[in-house]
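Asker: Mind looking over this structure? Questions follow.
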Amino acid sequence: MRTDGDSWDIVSSVGLTALGVATFRALETVRPDALIQDDYARWFVEAAGEPHFTGLLADPSLLGDMRFSGFMGSRTRFFDEFFSSATGAGVSQAVILAAGLDARAYRLDWPTGTTVFEVDQPQVLEFKAEVLADHGATAKADRRPVAVDLRDDWPAALEAAGFDPGKPTAWSVEGLLAYLPGAAHDALFERIDELSSPGSHVAVDNFAEGTDMQRFDAIRAKYFAENPFGDIDIAELFYGDERADPVQWLTGHGWSVRRSTSLELAAAYGRPVPDLPEELVDLSERSTYLTAVK
């Protein structure tokens, strides 16, 4: 269970979910119809040495149903394209909130002069930096790690790292919202808005919005023979308290918002999911992707 002020490294609590995401990105990368190319993801999983995830890399069939890694492929592609679109529109600074083991500063082709800020827990960023250094990786942008808890005063830490609120920004909120208490969730959007000059972009995924966590757990147990995250009960890491609806909040604060469901996104990427049970259709319809421009 989560507690106020809890922290983690890459093989515990929320940090372990980042390792899972890296695993699913690595599995997606080797698919013949891969939607992404993330050759860095495998490095992180192998360096961490967590048995469940290294086992999945060695034998993906242990995952059983591959829909979960396919979902991660679509999600990753969505955010890749978001950054490409935003920088193509002239945005020259990007902020990746809860960056985890995200390697976009290394694997995407950023325009010259782009600064990428990665915000996450200190131990997570330290692990990532060590692995990338061990492999001699070179970032394709001006990468600036910002070691801070998103429940704390992260805007101050971001500005201390050189963030300029007077310039348009591309913000990514990927795989994050469910792990925040309601108050921190709402404060996150307030702070993004306050730090965003006109012309800023934001992309958000909102997993299983409005779904009771006990129901989510029951659906997962019913349709997935193996827990994609091994022994960790991901639902226990989520907060299910009241929070603002991101679409309504952003729209009400002057952002122009576009929304799609995970099923719509999968179909757009040539990954339609046929014949899902009604419960999974409902869950997928509640898993949404947003882009917004200020």
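Just so it is clear, glycine is given a Cβ too, placed from its N, Cα and C backbone atoms.
What Swiss-Prot records for Asp120, Asp149, Leu150 is S-adenosyl-L-methionine binding site, and it gives similarity to another entry as the kind of evidence.
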Asker: Enter the number of other CB atoms within 10 angstroms of the CB of Leu150 (S-adenosyl-L-methionine binding site).
Answerer: 19
Asker: Do any residues at least six apart in sequence from Asp120 (S-adenosyl-L-methionine binding site), in the same chain, have a Cβ closer than 8 Å to its Cβ, and if so which, in order?
Answerer: Ala98, Ala99, Gly100, Pro145, Val146, Ala147
Asker: Should Asp149 (S-adenosyl-L-methionine binding site) be counted as helix, strand, or coil on the basis of DSSP?
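Answerer: DSSP assigns Asp149 (S-adenosyl-L-methionine binding site) to coil.
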Asker: Compute the mean position of the Cβ atoms of Asp120, Asp149, Leu150, which form the recorded S-adenosyl-L-methionine site, and then list in sequence order the other residues of that chain whose Cβ is within 8 Å of it.
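Answerer: Result: Leu97, Ala98, Val119, Gln121, Val148, Arg151, Asp152, Trp154.
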Asker: Within 10 Å of the Cβ of Asp149 (S-adenosyl-L-methionine binding site), how many other Cβ atoms can you find? Include all protein chains, please.
Answerer: 16
Asker: Just how spread out is the S-adenosyl-L-methionine site if you go by the largest Cα to Cα distance in Å among Asp120, Asp149, Leu150?
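Answerer: Among the residues the record ties to S-adenosyl-L-methionine, max Cα distance equals 7 Å.
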Asker: Going by DSSP, is Asp120 (S-adenosyl-L-methionine binding site) sitting in a helix, a strand, or coil?
Answerer: strand
